Amino acid sequence: MEANHQRNDLGLVALTMLAQYHNISLNPEEIKHKFDLDGKGLSLTSWLLAAKSLALKAKHIKKEISRLHLVNLPALVWQDNGKHFLLVKVDTDNNRYLTYNLEQDAPQILSQDEFEACYQGQLILVTSRASVVGQLAKFDFTWFIPAVIKYRKIFLETLIVSIFLQIFALITPLFFQVVMDKVLVHRGFSTLNIITVALAIVIIFEIVLSGLRTYVFSHSTSRIDVELGAKLFRHLLSLPISYFENRRVGDTVARVRELDQIRNFLTGQALTSVLDLLFSFIFFAVMWYYSPKLTLVILGSLPFYILWSIFISPILRRRLDDKFARSADNQAFLVESVTAINMIKAMAVAPQMTDTWDKQLASYVSSSFRVTVLATIGQQGVQLIQKTVMVINLWLGAHLVISGDLSIGQLIAFNMLSGQVIAPVIRLAQLWQDFQQVGISVTRLGDVLNSPTEQYQGKLSLPEIKGDISFKNIRFRYKPDAPTILNNVNLEIRQGEVIGIVGRSGSGKSTLTKLLQRFYIPENGQVLIDGHDLALADPNWLRRQIGVVLQDNVLLNRSIRENIALSDPGMPMERVIYAAKLAGAHDFISELREGYNTIVGEQGAGLSGGQRQRIAIARALVNNPKILIFDEATSALDYESEHIIMQNMQKICQGRTVILIAHRLSTVKNADRIIVMEKGEIVEQGKHHELLQNSNGLYSYLHQLQLN
């Protein structure tokens, strides 16, 4: 009845869905009580106020249909008749609109005519304030500005050294001019000796300062590199589960590896080349003093360098993008193949996998070759411009010398100065190509760093958990356009109660526990522990007090003791052994040569499946959590190991709330209460013998199947 009542107020339904899209939980009844004062549904003004109260930034606009593709979606299409709906995507190529019908609770694809018939020109754009802050602080090249400011003293030292290097670069051509025009003409050997010694001193200082500049600059960029690497890893571990579930492992690894490209660019000659280019204005002034005509030739060549880069860059960027995509595909396929090596060998499908790898590798090599060819063409184009300018300067300079407007020494000095000007330009042309690749790397890495971390409406570290759990009117789906996983689930679990949850695959059993761990926020309703809404709780505080054992558990490449004491490496050995005994793992650990110091290998490869599972159970128990979740935890155990754990179950459950999810009904038959789920709803609940009395019930049906 309550859900139907909410469905009548489509504005409230839309607000609930958009809030969930932005990882914000709300209580519809509370919103209705505060903002729907006349009981007729949310008005436009009250809707905007309600959104603001949820830390959402909402704006009412009027937009023509032809410009809808420019707005941020999803957005709410506001209708004066109350028949609001969500606009999810605009397909401009096919003139189609992906919408979400709030009344029918289903996505719809509308044609141009159908959309025009129901669109009244009013939109409400919605974004979270956290998203706005995130956009302002998004990862791009501006991220390095605070780092430059932080290490401004070091960069100032680099700038000072660069000034001296440019002065030395300016002095050297003057020495050559004096030698050509004065020393050779007047046969001044003493002057020649003085100039030679001075030039040698300048060269020594130039070499020392150049090396010092490279050292100081590399040292500062290495610090920035460490900061970026640390920030990247912290951010990666703070991302929500949904980020990893929607991306391939290899793709994520490939994006993280793009840090190497950025590192190489920064620690190279990028910024030093820019500094050298800035000092070129001084060289131009000296060159103009020597010969305005020759200087104009040099200046006239600069637009050609720029135009050539403008022509090459878009093509190069597209090819680099394609190269990265193929590299990410290869990385993902390689990770998948290594992870599934047992299956590949067991099914003897190595030839098929090799064939797929060969095709993908060939595509990557071809894409990489196209990038190399285009980069080579770009470099050769720059060389062509440089050589052409050199020939023109040689011809024009010779004419000026012959006509007496320029001395030979001045011509040589001018050519040396022009080399000092053109060299940074050529380096920048090469760096511009590198910059295109780094731009791709920044974009790819930004997919990680710009993704919002787990968000919540506060960081409430509540008191120690007692164990009362409440699911109220829970409605949940993993995506707005995905099927409903949980529908109007209401469940009360008392402190210290042992609850078994059974049902067919896909009935929503594991999803309940994910909501309890706050991996996701329900679309509607509340999850409470000891009366506290988990939407307001600090996820780390919550998860430290919940023990979880899954069907497939991952062990780290460390010792058994370190794996069990993962959350508290300094815990006493007695606690580790006690947890291992409860999990039935102590006996087999004692038989190992290194005992608790045995390294388990990557993902626990050095142990059997049952042994890994028992260590995972010990890891969940070692912190004495007040809530314990067993999600098919014993399904991978042999009967003897399962028997040991079931014998210890009374001790395991003592003083804590336990949720047992199982397909094997024998695992849950002694539970205080058994919850039976079907298609996201609770269809039965009671004790084992009570449920068997209903011969037409799902539990009896599953029990009969297992008996047979």
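Just so you know, glycine gets a Cβ as well, placed from its N, Cα and C.
Going by Swiss-Prot, these are the annotated features:
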DOMAIN    1-126  domain 'Peptidase C39'
DOMAIN    155-437  domain 'ABC transmembrane type-1'
TRANSMEM  159-179  transmembrane segment
TRANSMEM  192-212  transmembrane segment
TRANSMEM  270-290  transmembrane segment
TRANSMEM  296-316  transmembrane segment
TRANSMEM  389-409  transmembrane segment
DOMAIN    469-704  domain 'ABC transporter'
BINDING   Gly503, Arg504, Ser505, Gly506, Ser507, Gly508, Lys509, Ser510  ATP binding site
Binding-site residues (Ser505, Ser507, Ser510), the one with most neighbouring Cβ atoms at 10 Å: Ser507
Range from 192-212, 296-316, 389-409 with the greatest count of C-beta pairs under 8 A to the transmembrane segment (159-179): 192-212
Other parts of the chain folded back onto the transmembrane segment (296-316), taken as Cβ under 8 Å at six or more residues beyond its ends: 284, 287, 371, 374-375, 377-378, 381-382, 385-386, 388-389, 392-393, 396, 418, 421-422, 425, 429, 432-433, 436
Additional residues around ATP, ordered along the sequence, whose Cβ is within 8 Å of the centroid of Gly503, Arg504, Ser505, Gly506, Ser507, Gly508, Lys509, Ser510: Met677
List of residues, in chain order, with Cβ under 8 A from that of Gly508 (ATP binding site) and at least 6 apart: Ile485, Leu486, Val489, Met677, Lys679, Gly680, Glu681
Three-state secondary structure, which DSSP defines for Gly506 (ATP binding site): coil
Site of maximum Cβ density within 10 Å, from binding-site residues Arg504, Lys509: Lys509
Residue among binding-site residues Gly503, Gly506 with least C-beta crowding, 10 angstrom cut-off: Gly506
